[in-house]
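J.: Could you have a look at this structure, given as C-alpha cells, before my questions?
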Amino acid sequence: MSVSSHDVEKRPKDAQSVSTADDDDKVLQEIGYVPSFRREFSNLATISFAFSIMGLCSSIATTFNTPLLLGGPSSVTWCWILGASMCFTLGSSIAEIVSAFPTCGGLYTASAQLCPPRHRARVGWVVGWLNILGQIAGLSSTEFGLANMIWAAVVVAKDGEYTYTQGQVVGLFAGLLIFHGILNCLATRYLAHLTKTFVFVNLGTTAIIIIVLLAMTPRSEMHPASYVFGSAGIINQTGGWNDGIAFLFGLLSVQWTMTDYDATAHISEEVKRAAYAAPSAIFIAVVGTGIIGWLLNIVVVLCSGPLENLPGPSGSAFLEILATRIGKPGALFIWAFVCLTAFFVCQTALQACSRTVYAFSRDHGLPDRGYFGQVSKITMTPLRAIWFTTLWSIVPGLLDLASPIAANAIFALTAMALDLSYIIPIFLRRFYRNHPEVDFKPGPFYMGDGLLGWSANVICIVWTLFVCVIFSLPTVLPVTPENMNYASVITAGVVILSGLWYMLGAHRHYHGPTSNVPKYADTTTPESEKKEVA
C-alpha cells in the first residue's frame, strides 16, 4: 500500500523522526553494524559541523604567513582557488563513498569493503592508522595554533612589549585540549545543539572581516591588481627555490584548511538521514569554504599594506593587517571571534577523531582488547575514545618543549596522512569495480560511472599525489636540521612500522572492519583468514 505525502504530513513529528531513525538504522545494519549512538544531528547541525571542521577564517589566519612570506601575495590568491578547485573533486569523491557507507568508521570502514576479502585486513589496517595519525596531528596542530593566536593577541594588546615563552604556549595548548575533552563528554543531543551555532559565527566573522577591511582601508592604500593577481605579487622569499616552487608553497594553506573532509562521516551514526545529510554537508562545506575563502584571501591581500612590515611583532600577518586597518581595539574584538572559530574546529575535530578511534578499537585494530570501542550507557558517547584522543593529542605539543623540530614535523604531516587515507578507498572503488567479490552499492549521492565520476576520482588522486610532493619539500633553503621538513619521513615511517606490526602479530587479532550484527558477524572475515587464526 502506498503512502501519500498528505498522510506523511499528518503524522506527528515524533513518529516521522522514529521512522527516519529506523530507516537510518536499517541502512547501517545492511552494512553490518548495530546502531550504537543516538541520532540527534539535524541537517543544520551536520552542515555546521562540516563547515566548522575546516575553520575558514581561523584556518586561513593560522596559515596565512606561509603563502604570503614564501611565494608572495599572488601565491596567496591563485593557489587558494587552484587548491580549492582540486579539493572540490576530492570532497565530491569522498561524499560519494560516505553516502554508500554512512558509518562512524568513515573511509576506514569503506576502504575495507571496496577491495576483495583477502585484502580487507591489510587495507583497513593501513588506512585506519593513516587516518587516526592525520586526525590526531590535525587536532593537535589546530589547538597549538589556537594557543599561539591567543598569545599573539596579548602581544598586540601590549603594543609589542610582551614576550611569551614556549612553556606558556604549551600550557595553554594542553589546557584547551583538556577543556575540549570535557565538552565532548556531553551527550549527543547537547553536542548537536552546540554545533548548530558554529556555522553562523564562522561565516559571520568572515563576512565582518571582509566588510570592515574594505571600509577602513583608503583606496589609495589598496594594492593594485598586478600585486594581488599578477607577476608583481610573486615575491620569492624561500632563499633558493625557483619562483615556480615558491609559488606552489601557497598550496600549503588551502590544503591544510580544506582537509578532514570525512569528519562528517565519523559522526554519521549520530546524524538523521545520514546517507543524504552527511555527503551533502561535505559537498556544501567544500564549495562554500573554497569560494568564501578565496574572497577573504583576496581582500586581506588587497588591504595588507607593505610586505616588509609583516608578520610584525605578534608573528601573525593576518592579525597585524587587522590591527593596521581597524585599530587595536577593533582588531582584538574581531580576533576574539577568529579564535572562537578555531575553538570550534578543535571541538569538532576531537569529536570526529574519537569516533574513528572507537571504530578502530571495536574492530580490534588497537592493542586494547576493544577497551576504547565502548559507548557510555549514560551519555551514549564513546567516553574512553574521547580521552584516548585528547591525551594522545597533547603529546605532540609537549614534544615542542624538548624538540620544536619534532613537534612541527608531526603537525606538518596532517594533510599528507589524511589525504593519502582518502585516495586509497577512491582508488579501490575504481580498481575493483568489476570484481565479483566487491559489491559497491551507491548511496543517494552518486556521480555515476560516466565521465563526471571518473574525472573527479582520477583528478583528485593525481592531485593528492602531487601535493604530497609539495608537502615533503623544505620551504626554506639552504636546508638545516631546524628547517628540514620531516613530514614525509614520519608518514612513511608510520606506514612501514604499522605494516611490520601487522605482519609480526597484529594479524592474529585484527581481521578488518568486522560486523557486530549477530547474524552477519562472520561474513566480513574471509575463510582463509579464519583458518590462519585457527
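For all residues, glycine too, the Cβ spot is worked out from N, Cα and C.
Values in this document were obtained by computation on a predicted structure and should not be read as measured data.
From TrEMBL, here are the annotated features:
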COMPBIAS  1-14  compositional bias 'Basic and acidic residues'
REGION    1-22  region 'Disordered'
TRANSMEM  44-64  transmembrane segment
TRANSMEM  76-101  transmembrane segment
TRANSMEM  132-157  transmembrane segment
TRANSMEM  169-192  transmembrane segment
TRANSMEM  198-216  transmembrane segment
TRANSMEM  282-307  transmembrane segment
TRANSMEM  332-360  transmembrane segment
TRANSMEM  381-399  transmembrane segment
TRANSMEM  405-428  transmembrane segment
TRANSMEM  451-473  transmembrane segment
TRANSMEM  485-504  transmembrane segment
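Describe the structural surroundings of these features, if you would.
T.: Same-chain neighbours of the transmembrane segment (44-64): 76, 142, 145-146, 148-149, 192-193, 195-200, 202-203, 205-206, 209, 252-253, 256-260, 263-264, 267, 271, 277-278, 280-282, 284-285, 288-289, 292-293, 296-297, 300, 316-319, 338-339, 341-342, 344-345, 347-349, 352, counting only residues six or more beyond its ends whose CB sits under 8 Å from a CB of the stretch.
Residues 31, 64, 67-68, 107, 109-110, 113-114, 228-229, 233, 247-248, 250-251, 253-255, 258, 261-262, 264-265, 268, 275-276, 278-280, 282-283, 285-287, 289-291, 293-294, 297-298, 300-301, 419, 422-423, 425-426, 429, 440-447, 453, 455-457, 459-460, 463-464, 467 of the same chain lie 6+ residues outside the transmembrane segment (76-101) yet bring a C-beta within less than 8 angstroms of a C-beta in it.
Remote same-chain partners of the transmembrane segment (132-157), defined as residues 6 or more beyond its termini with a Cβ less than 8 Å from a stretch Cβ, comprise 55, 58-59, 61-62, 163-164, 168-170, 172-173, 176-177, 180, 259-260, 263, 313-316, 319-320, 323, 328, 331-332, 335-336, 338-339, 342-343, 345-346, 349-350, 352-353, 356-357, 360, 389, 392-397, 400, 407, 410-419, 421, 491, 494.
Tertiary proximity for the transmembrane segment (169-192) is limited to same-chain residues at least six positions away from its ends with a CB under 8 Å from its CB atoms, namely 37-38, 40-42, 45, 139-140, 143-144, 146-148, 150-151, 270, 343, 346-347, 350-351, 354, 379-381, 383, 386-387, 389-390, 393-394, 397-398, 400-401.
With a threshold of 8 Å between CB atoms, the same-chain residues lying at least 6 positions outside the transmembrane segment (198-216) that come near it are 44, 47-49, 51-52, 55-58, 288, 292, 295-296, 299-300, 302-303, 321-322, 325-326, 330, 334, 337-338, 340-341, 344, 347-348.
Proximity of distant same-chain residues to the transmembrane segment (282-307), defined by a Cβ-Cβ separation under 8 Å and at least 6 residues beyond the stretch ends, is recorded for 47, 50-51, 53-54, 56-57, 60, 64, 68, 72-73, 76-77, 80-81, 84-85, 87-88, 91-92, 94-95, 98, 203, 206, 209-210, 213-214, 217, 221-223, 227-228, 233, 235, 254, 257-258, 261-262, 264-265, 317-318, 321, 324-325, 445.
Within its own chain, the transmembrane segment (332-360) is flanked in space by residues 49, 52-59, 61-62, 103-106, 108-109, 128, 131-132, 135-136, 138-139, 142-143, 145-146, 149-150, 153, 156-157, 176-177, 180-181, 183-184, 191, 194-195, 198, 201-202, 204-205, 208-209, 212, 260, 262-264, 266-267, 269, 318-319, 322-323, 326, 366, 372-375, 382, 385-386, 388-390, 393, 513, which lie at least six positions past its ends and keep a Cβ under 8 Å from the stretch.
Proximity of distant same-chain residues to the transmembrane segment (381-399), defined by a Cβ-Cβ separation under 8 Å and at least 6 residues beyond the stretch ends, is recorded for 37, 135-137, 139-141, 143-144, 170, 173-174, 177-178, 180-181, 184-188, 191, 350, 353-355, 357-358, 361, 371-375, 406-407, 410-411.
Long-range contacts of the transmembrane segment (405-428) within the same chain: residues 90, 93-94, 97, 107-108, 110-111, 114-115, 123, 126-127, 130-131, 133-135, 137-138, 140-141, 144, 252, 255-256, 259-262, 396-397, 399, 457, 460-461, 464-465, 467-468, 471-472, 481-482, 484-491, 494, each at least 6 residues beyond the stretch ends and with a Cβ under 8 Å from a Cβ of the stretch.
Here the transmembrane segment (451-473) has Cβ contacts under 8 Å with residues 83, 86, 89-90, 92-93, 96, 241, 245, 248-249, 251-252, 255, 412-413, 415-416, 419-420, 422-423, 426-427, 429-430, 485, 487-488 of the same chain, all six or more residues outside its ends.
Counting only same-chain residues 6+ beyond the ends of the transmembrane segment (485-504), those with a CB under 8 A from a CB of the stretch are 121-122, 125-126, 129-130, 133, 405-406, 409-410, 412-413, 416-417, 420, 468, 471-475, 510.
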